[in-house]
Amino acid sequence: MKHMDTDEKRLLSLERACGDLRRGHPVVVCDSSGKSLLVLPAEHANTATLGFFDGLASESFILLTSNRALTLKVASKGWSVVRIARPQWMQANDIVALADPTLDLATPMKGPFQRLEHKETDLDKAAIKLAKWAHLLPAVVAAEIADAKALVSKHGLLEVFAPDVLAADMTQASALKEVASARVPLAGSENTRLVSFRPQTGGVEHIAIVIGEPSRRTPPLMRIHSECFTGDLLGSLKCDCGEQLRGAIRAIDAAGGGVLLYLAQEGRGIGLISKLKAYALQDQGYDTVDANTRLGFDVDERIFAPAAEMLKLLGFTSVRLMTNNPNKVEGLERYGIKVVERVAHAFPPNPHNEMYLATKKIKTGHIL
Ligand SMILES: Nc1nc2c(ncn2[C@@H]2O[C@H](COP(=O)(O)OP(=O)(O)OP(=O)(O)O)[C@@H](O)[C@H]2O)c(=O)[nH]1
Ligand SMILES: [Zn+2]
């Protein structure tokens, strides 16, 4: 087998574990003290998956984020992750509904839910992080298990190390490598090169669009754009992404060159399916911020370490950043890229995205 360094092995085990979780198969999260949790995504709870899970472990409970707990009127005691009891009455569909607020109307919440007295641990946090990494809702059925090694080998389960899960974003960003690049003329700029980046073990790939031949000696005009399937590709009017994407390409071209990073961070990092769930909540009247937190996510799950890494790999250390979001400026600077100027990048609202843009201005500090 090809030599793998430690980071590669760690990413490999995480990517594999995400694959199992996405199929509704439990995985084991362990820590250095020998403690382990068996974990199953709550949104995959059904008679078969729970039957298998309960055959392996007793005394299970549900792990929720403090945001989801708050929505369900469970005090979180300031912890980011809380444990909820799994009483007899709680069937598979109740567990799915615990994770998924889009089902609230169809499955009225039973409750009240009992929080178990338990200080959050890295195991709990890693279990939730793993669900997020797998682009699932951040809620899991979990059980402490005594002899993880035996369980893992007997049932062919995948085991991941909690500190690796918690460090995964950074490990993944620093493992990015340029893998392919080609000239792709775009409607807004014909002298354009697409450069793709991939973490060495696979995992999410990001694209840099290098427009013209930007100098490495002066900070280029630059845009960080997070993927938005609905806005970028379908022309959805619910957001401003499509206009921002095409507008940035045109503006960078007009400025004589620069870079647009197209990051695989759909839905501010929650994934397309969860973003559609957030949209379903917005159909019920919640705004973009409350929809995320009702689902259990943070308002913004992105980090900009991959963006900083790609810029460094391309030879840039300082930029003029096109954004209305001060968190992006801070997010890039935290990982070593100097932002010498913030360039506003706003478009007039339409009747469908007016509320969305107003929410960004009022609640998430966008300068609009
Ligand atoms: N979760 C969620 N994501 C959304 C929603 N609307 C748009 N998005 C996502 O938000 C991201 C848009 O991000 P950007 O345009 O890069 O960033 P921004 O934070 O708005 O900041 P700017 O640089 O000023 O545009 C994309 O990943 C979209 O898919 C929503 O209602 N909920
Ligand atoms: Zn969008």
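Just so you know, glycine gets a Cβ as well, placed from its N, Cα and C.
Curation plays no part in TrEMBL annotations; they are all automatic predictions.
The annotation in TrEMBL ties R223, I224, H225, S226, E227, Q244, E266, G267, R268, T323, K328 to GTP, and of the candidates under consideration, T288, T317, the one tied to the same site is T288. E266 (GTP binding site) sits 5 Å from C228 (Zn(2+) binding site), taking the C-alpha atoms as the reference points. Proximity of the recorded positions (R223, C228, C241, E266, D300) to ligand 1: a Cβ under 6 Å from the molecule is found for C228, C241, E266.
Comparing the Cα of E227 (GTP binding site) with the Cα of every entry in C239, C241, D300, R302, these being the recorded positions, the smallest distance points to C241. Between the C-alpha atoms of R302 (active site, nucleophile) and H225 (GTP binding site), the distance comes to 11 Å. C241 (Zn(2+) binding site) has H225 nearby among the recorded positions R223, H225, R268, D300, T323, counting only those with a Cα within 10 angstroms of its own Cα.
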